Amino acid sequence: MAETAASPAHKVYNIAHWSDGYISVNGQGEVEICPDRGRSDARINLPALTRSLAEAGVPLPVLIRFTDILHDRVNKLCNAFNKVTQEQGYRGRYTAVYPIKVNQQRRVVEELLSAEPAASANQVGLEAGSKPELMAVLALAKQAGSVIVCNGYKDREYIRLALIGQKLGHRVFIVVEKQSELPLILEEAKKLGISPLIGVRARLATIGKGNWQNTGGEKSKFGLSASQVLDVVDTLKQAGALGTLQLLHFHLGSQIANIRDIQTGLRECARFYTELHAMGAPIGTVDIGGGLGVDYEGTRSRSSCSMNYSVFEYAYNVVHVLQSECDRQGIPHPDLISESGRALTAHHSVLVTNVIDREYPDNREPTEPAAEAPAPLQDLWRDLESLQDEDSPRSLAEIYHDILHAMADVHAQFAHGLLSLQERAQAETLYVRCCRMLRAELDSANRAHREIIDELNEKLAEKLFVNFSLFQSLPDVWGIDQIFPVMPINGLNRSLNRRAVIQDITCDSDGRIDQYVDGQGIETTLPLPEHDPESPLLMGFFMTGAYQEILGDMHNLFGDTHSVDVKLDQQGQYQVGEPITGDTVAKVLRYVNFEPANLLEAYRQKFRHSGLSEELQQTLLAELSSGLEGYTYLEEG
């Protein structure tokens, strides 16, 4: 989607490279969402949408899901494979299988299954990794013949549920993750009078480097070694059931950044396929698992939160490697499945919330130390004078190192009782003023200055207290240092010369974001527009659609946020679905076995012995009762 030239924010926040065309900034400095890239004129003003939600009784924070983006992601992936298979003459068929563990929200799964034209072509399937997920999948799978892949550990009940799904007309592949599952599959299939569709997960030597590398390769929790795969083949042969071995599955890892890792794994998988085919296994489908990345940071690199390839390049490599090996061996091209849940869902949702407070570095006017003041204060004053003197022979780097040394002396002398509290405060004021003056003089074009600039940006950054819980809404930031694009959604037509570090509202020092996407790569501070009290900033946390909702926890008892689905109608106007109300205080207390009715009774008992007037007791009790039904997040600010 074309950028609006009016806003420098596109470059500052690197929007074009991580948003994949779904986000832009208009001339008024407000973020717009383009959910359907085929209708680039149909844009949704995100601040205006947020205001309309608040007027309708949906306060911040709120998670907004753009369902048209889900449709677009499905079709982008299917179109890439369809184009490659057609151009290369590949004779297998591709199906995009969605692992619902990535985001089990019913509305998300339903939208993925209804994405046209992929849905009508029966190119969208589902994957389950547990009995509860399988129960959901069996209800949601629409068409007869739709693909369902059953992964994870399986007991007899899980296997029977999967076979019932096959009885219902679905193509249910039961993937053998452990050898002990195979006898159960054969026994239950015989009881139900059905020929199962059995898959085998091979544990490859290849791994995709990154945060999730141990989900694939030899350290993988799941899958069979080469000898165990051969044991499965022998067991099926002895049972006269080799014809049931229909699928080969492997998994390199999640969010694979480097296309070379994918190529290497595909070659290993292709060898498994051709060898099994030569042994008489009639495998007709290869499930290449997950791994298709998402460029969260927009650097198009091998960084763990980026990717150095496109969706089309991914599809080409999958098809090319398997086709080449099959043609070399003279065997049929298998149908293809990928489990690309992150690539399908990451872009579709954004958390929008408000800034509740700011904390600025000390900006008081420094005063000259007394003649008898300790040496570190005198040194800081001389450093400040050097910065004010245009003819000073001292370099900026030299002054920076000197003020660091002086402040280290200040801290040491204060700890040993050699400086008073007033003198320490005076030193801090001098230090901050020196840092501000240095930052204004340093030039990012000068390579020698860049590291100092980064350090000063961090030292001078304001703390931005934002109405959300990192542990609930962005748990991967805390858990694995995942990077998500974060930026204001309004005020972007103002000068972007402030820097900040985002803090959440939990009582936990880990409730902050330490890495931010910007035009220079990954930084430790976030660029912000100048503060305008008449136009408070709203913050957007983007690309949160994969894993974050289901992994979020209730640290400090902050619960689920409000959420809404937004879709475009035929005229390009947006329609808001029925909001899903976020957790109330009473609801989260029930999770930890506090019954609200018992709490209210405890409050009543305390009031009876409080000595307060009856009228005041009732007023305060009503307020406590109302508090139990309130939102867990801050409702003012």
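Every residue, even glycine, has its Cβ placed from backbone N, Cα and C.
As given in Swiss-Prot:
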BINDING   Val286, Asp287, Ile288, Gly289, Gly290, Gly291, Leu292, Gly293, Val294, Asp295, Tyr296  substrate binding site
MOD_RES   Lys101  N6-(pyridoxal phosphate)lysine
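Calculated from their C-alpha atoms, the gap between Gly290 (substrate binding site) and the residue listed as 'N6-(pyridoxal phosphate)lysine' amounts to 12 Å. Every protein chain considered, the tally of other Cβ atoms within 10 Å of the Cβ of Gly290 (substrate binding site) stands at 26.
Reduced to three states, the DSSP call for the residue listed as 'N6-(pyridoxal phosphate)lysine' is helix. Reduced to three states, the DSSP call for Val286 (substrate binding site) is strand. In sequence order, Trp18, Cys305, Ser306, Ala346, Gln482, Ile483, Phe484, Pro485, Val517, Met543 make up the list of same-chain residues 6 or more apart from Tyr296 (substrate binding site) whose Cβ falls under 8 Å from its Cβ.
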